[in-house]
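Undergrad: Pasting a structure below so you can have a look.
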Amino acid sequence: MNPLLILAFVGAAVAVPFDDDDKIVGGYTCEENSVPYQVSLNSGSHFCGGSLISEQWVVSAGHCYKPHIQVRLGEHNIEVLEGNEQFINAAKIIRHPKYNRIILNNDIMLIKLSTPAVINAHVSTISLPTAPPAAGTECLISGWGNTLSSGADYPDELQCLDAPVLTQAKCKASYPLKITSNMFCVGFLEGGKDSCQGDSGGPVVCNGQLQGIVSWGYGCAQKRRPGVYTKVYNYVDWIKDTIAANS
């Protein structure tokens, strides 16, 4: 994440005592089409990530909210038209009603696509979790965020990072009095690997289920400052109810 206090996968600045951080540091270039649920949120340029959870719905971070968003699916190199992309405007953008921009609690939003996505080898959905994330589970984090812990280098190609879920005790010890029951940590206490600016809103997938949303952190890939993620399991009912009410 940033050398400053930051939000670990955010695209636009947020007026909070954190700095936006939405990139992958210490990862690797994803194999093309290996993360078909990953989307890019665009408002003239990429600013956040997201995850396709049904043909017409995307989940992202609440701090990624903008009034007008184009969702770009099937992307790998976001600077090149590769022929597999689907660009679909948002019809509805619904941030969690209890989203708190100061502490980033309930950092989640849903985006309804104006037309359903075409599901194929390049674009597909990711399952919602059936149980909360267990400590020690290896997860895949992906995004087009900054790849440097100091300075800036934004990749054109989607980046991936394999990282473990940390215990809630280690998460709370890393950020005293800042971790709510709706947050969890993924990463390495020794630093060197993390999400960062530009990754915000993107997926944390563990055992084939969307367990996390890139939310915030202090800097990127700093020692004893792992990335903090929205715990999707806590919002499964809200997601299902919101989709049903807006179908």
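Note that Cβ sites are derived from N, Cα and C of the backbone, with glycine treated the same way.
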Undergrad: Quick test of reading the record: Swiss-Prot lists a disulfide for CYS220. Which of CYS196, CYS206 is on the other end?
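TA: If we follow Swiss-Prot, the cysteine bonded to CYS220 turns out to be CYS196.
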Undergrad: Looking at the disulfide bonds in Swiss-Prot, identify which of CYS160, CYS185 pairs up with CYS171.
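TA: Between CYS171 and one of CYS160, CYS185, Swiss-Prot records a disulfide, namely with CYS185.
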Undergrad: Candidates are CYS139, CYS160. Which one does Swiss-Prot pair with CYS206 through a disulfide bond?
TA: CYS139
Undergrad: Say which of CYS30, CYS48 is recorded by Swiss-Prot as the disulfide partner for CYS64.
TA: CYS48
Undergrad: Within 10 Å of the Cβ of CYS171 (disulfide bond), how many other Cβ atoms can you find? Include all protein chains, please.
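TA: By my count, 22.
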Undergrad: Taking the Cβ of CYS196 (disulfide bond) as the centre, how many other Cβ atoms fall within a 10 Å radius?
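TA: So the Cβ neighbour count for CYS196 (disulfide bond) comes to 36.
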Undergrad: On a simple 10 Å Cβ count over all chains shown, which one of the disulfide-bonded residues CYS139, CYS185, CYS206, CYS220 is most densely packed?
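TA: Buried the deepest by this measure is CYS220.
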Undergrad: Please name which of the recorded positions listed here, CYS185, SER200, CYS206, is nearest in space to CYS48 (disulfide bond), Cα against Cα.
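TA: Of all the candidates listed, SER200 is nearest in space.
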